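Worksheet for the structure shown next.
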Amino acid sequence: MMAEGMLDYLIPLAILILSPFIGGLLIGIDRKVTARIQNRAGPPIVQPFYDVLKLFGKEDKVVNKTYLVFGCAYLFTVILSLALLLFKYDLLITTFIFGLSFIFLVLAGYSTRSQFGYMGATRELMQMLTYEPILLFAVFLIRLVTGSFETDAIFKASEPLLFTLPLALLAIFVILPIKARKSPFDISEAHQEIAQGPETEYSGKYLGLLYIAHFFELIFVLWFVSLFYVKGFWLLPGWAMQALLMAAAYVFLIVVDNLTARLRVDQMLKQVFIVGMALLALNLIYIIATGRWIA
Amino acid sequence: MDGSLLLLSMTIVPALFGIICYLAPGYEVKKYVVILGAIVLTVASLLVLSGGSQLITVESIDLVGLSIPISPIILVLDYLLLLTFLWYGWKDKEYKAVLLAILQLIPLTYLELFMPKAAHAGAATFVIDQLAIVMGLIVSIIGSLILIYSIGYMRGDKHASSFFLAMMVFLGDMNALVFANDLAWMFFFWEVTTLCSFLLIRHYRDEASIKASDRALWMNLLGGVSLICGIVLIEHVYGTTFLSEIASGAGQSLLPAGAIALPFAFLAFGAFTKSALMPFNSWLTGAMVAPTPVSALLHSSTMVNAGVYLLIRLAPFIIGSYVSTMIAVIGGFSFMFCALLALSQTDSKRILAYSTISYLGLIAMCTGINTGLALTAAVALLAFHAVSKGLLFLCVGKVQHDIGARDIESMEGLVARMPLVAYIMVVGLISLMAPPFGVFVGKWLAFQSVSTFTSISLSLVDIFFIIFGSIFSVFYYSRWAGKLLATKPFTEIKPEHHEWYMELPLIVLGLGVFVTVALTTLFFSSLISLPPVYGLEPSKLVTGWSIQSAIGGFSPLGFLIAFLIIILVPVVAIKVPKTAITHTYACGTGEEPELGGGYFQDIIGEGVSLKYLDPVGVLLMIALFAAAVI
C-alpha cells in the first residue's frame, strides 16, 4: 500500500524529469523521418540536444531584459502545467495555466519591439484564439462524461474517454499542429516569412531555454491526448494504451506536417473553427442522445 | 462603535465633507477636507467589516428633542430630484428625459401616497449583511483612493469644488443604496446615483460632455421607470417593499399566477440600464468624456456595480424561473460581444469601458445561472473586478495627465518613460486575464457553475459565451501589456515626474491586487454567505488552503506564490551586460519598422458590429419580459 502511494508520486516525477529528453528525441525522430521522406539523409536523432548544447556556449546578443524574463517565465509555466497534468491536478486549471504560458510568450514577442517579434506575437494570439476554445470545449465535454474536472475522474471512469468522446479527440487532433507549431499551422514561427516570430530576438542560452520549453510542450500535448485511453485493453496495461495513443498522435503530426503547406491566419481560423466545432457539437449530441453525461 | 453611528459616517458624513469642501476657500483647504473625508470613510467601512452583520432601524432623526421621520423627507427629496431631472431635460432639450421623469412621477406618487400598505412591524430599514459589507468595502476603500487621486488630477480645474461635492455625495449615497432594506428608499438612492453621474459626466460642460451626459440621463431614467414600476408590482404581489420580507410575504396578487416573476423582470431591466449591459452600453462608453477619476469611480466602485448588486439581491427570488435564464443569456451576450468590441478599440479608456461592460455581463450571467456556486462567483468577480479596473483607470488617467494621450498605440514603450506607472499597469492588465489573479478565480468559478446544471439547455449557450469572452479579453489585454513593454534598445530612461497624490493610490491598488488573491480563501469562507434558499449548496465550496467545489478545486495562494517565483526568479537571475545589447533584427534593411494595427476594425469595429448587436439587445430585453409572463 505504502509503496503504491509512493509510486503515485515517483512515476509522474520521473516522467517530468525525463520529458525534455523524450521531447528532444521525438523532435530528432521527426527530423530524421521528414528528411527520409524528402530523400535526404537528415541529422542524427540526437541533433536537437547538440543544438541546445551548442546554444548554451554562444555569446549573448539581447535587445532588452523584459523579453528574456518572459521567455524564462514561459519555460517555467510550461513545466508547471506539465507537472500539474502528470500529478493529476484539476484539468480545467491545468488547461488555463498552459494558456498562461502562451500569454508569456506573446508578451515576450511584443516586448522586443521588433517587426518580426510583433508579427509573431499577433499571430501567436490568433493561434490562441483558434485552439483555446476547442481545448476548453473538449475539457467541458470530458467533465460532462466524467462528472468532474478532476483528472482523477478520468482514470476512475467506467469506460475510456475514447469510447464516449471519439469526435472530441479528433477535434484535438485538428489543433495538434497549432500547439506543436507544425504545418499547416506553423503560422507564428513561419521562418520563411517572419524569421522566428516571437522568438526572433532570442539567441544563445536563452534560445536554448526556449527549445527546452518546446520539448516540454510537446510532451504536455501528447500526454493530454493520451488521457483519452487510460484503461487496460486486452493484454495491454493502461500505460501501454496511453503510449500507443501518444505514438498515434505523433505519427499523425509528422504525416500532416509533411503533407500540407502553411495556411494563412484567417484560413486557419475558419477551418479549425468549422471542423473542430462541428466535431465537438456532434460528439455532444452523441453523449446527450445516449445519456452518457453526468449532471 | 454604535451601528447607527457607523451607518451615519458611511452615508451622510461623506456628503457633509463634500459640502464643506464645496464651501471651503482655496485648493489647499479643500485638499485636506477631501483627505479627511477619505480617511473617515475608509475607517468606518473597516469598522463595519469588523462589526459583522447587523440590522439597524432608523425611522426618524432626533434633532434637539425633535423627532423627524425619514420617509417623508425621502419622499420630498424624491420629488425634488425628479424636478431637477425635468429641469435639466427641458434646458438641454432632451425631451426623452423629460418624458421619462414624468413617467417616474406617476408610479412614485401612487406608491407613496395612494397605495394601501400593510403595517411593517419590526422590519429593519437598513440591513448590513455580508453582501452589503463587501459592497461597502468596495465603495469606501476604492472610492477613497480615487478621491485622493483626484486631488492630484483636478489641481487647477475650474469646477473642482462641485466635482468633489458630487464625488463625495456619490460615495455616501452608494453606501446607503447597498445598506437600504426598503426598496422605496433604495429607489431614491438609485436615482441620486443617476443625478451624480449625470453631473460628473458633464463636468467639462463642452458640447460632447453635455451630449454624453444627456444620453446617460435618459437611459438611466428609463431604468428608473422600470425600477419604480417593479417596486409597485412587488408591493402588490408581496405586500411589502422590504427586501428581507419578500421571501415570506404574500399580498393580494393582481397578476396571474404565472406572472409571479414579472416584478423581478422590471427590476432586472432597471439593473441592466444601470450596469450598461447591451443594448444600453452606449451611455457608459459615451461617459468616457468625463475626467478619468469619474470614469474610475463609475466603473469600479459605484454606479455600474449598483445594477449587478441588485441582480445578486434578486437572484434568490427567481431561482429556476425563465427570467433567471434570460438574465444569464443577456449577461453572457454582453460578456462575449463587448469583449469582441473591446478588441477593435485603440483608445485605452474605451477598451476599459467595453471590458467593464463585458465583466458586468459575466456577473449578470452568474446571477442568472443562479446556483450557490454561481452566486459566489458573482460576488467574487464584483470585488476583484473593482480592484483591477479601478487600478487600470487611474493608471490611464495618470498617463493621459503626463503624456497627453490615451491611445494604446502611443503608450508604446511606456516602461522607459514612466516605469512605475507602466509596471503597475501591466500588473493590472495581467490581473484581469491570467491565473491565479482574482478575476481569473471568478471566471473559473463561473466556468464551473456553467458546467453544473441538471439539464442541458441554455447552459450550452452560456458556456459558448464564457469561453469566447474569456479568450477575447486575453487577446486585447495581452496586446496592450505588450505595447507598454515594447522598448527600443539604447533608449535613455528619463526620470519620471512624480505626483504622489496620484501615485499613492496606484501603489496601494497595485498591492491590493496581490493581497486580494492571497486573501481569496479567507474572503470566500468568511464574507460570502448565501441566503438559505440555496440549501446546502454553498457548503459544497470548501475553503481552506484551496477552494474546492464538488467538481474541481485549486489553491489561489499556492498559484500566486508559483506565479511570483516564475516571474521574480528570471528578474533576479538574468543579468544583461551592456556589451550584449544589440539592435533588433531587421532582416538586413536596417530600417526602423512602423509597428501597429491588428485591431480588425473593418470586421468587428463598432460601426460594423453595433448595427447588429443593438437590435439583438433590444430583442433580448423584450424576451426578458416575455419570459416573465409565460
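In case you wondered, yes, glycine gets a Cβ from its N, Cα and C as well.
According to TrEMBL, the features are:
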{"type": "TRANSMEM", "residues": "A:6-29", "note": "transmembrane segment"}
{"type": "TRANSMEM", "residues": "A:67-85", "note": "transmembrane segment"}
{"type": "TRANSMEM", "residues": "A:91-110", "note": "transmembrane segment"}
{"type": "TRANSMEM", "residues": "A:131-149", "note": "transmembrane segment"}
{"type": "TRANSMEM", "residues": "A:161-178", "note": "transmembrane segment"}
{"type": "TRANSMEM", "residues": "A:209-230", "note": "transmembrane segment"}
{"type": "TRANSMEM", "residues": "A:236-256", "note": "transmembrane segment"}
{"type": "TRANSMEM", "residues": "A:268-289", "note": "transmembrane segment"}
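Long-range contacts of the transmembrane segment (A:236-256) within its own chain (CB-CB distance under 8 A, at least 6 residues past either end) are made by residues 26, 30, 33-34, 160, 162, 173, 176-177, 180, 182-184, 221-223, 225-230. Between the transmembrane segment (A:6-29) and the transmembrane segment (A:209-230), the number of CB pairs under 8 angstroms, six or more residues apart, is three or more, so the stretches are in contact. Counted over residue pairs separated by six or more positions, the transmembrane segment (A:131-149) shares fewer than 3 Cβ pairs under 8 angstroms with the transmembrane segment (A:67-85), which leaves the two as not touching. Relative to the transmembrane segment (A:67-85), the listed stretch A:91-110 leads the set A:91-110, A:209-230, A:268-289 in CB pairs under 8 A.
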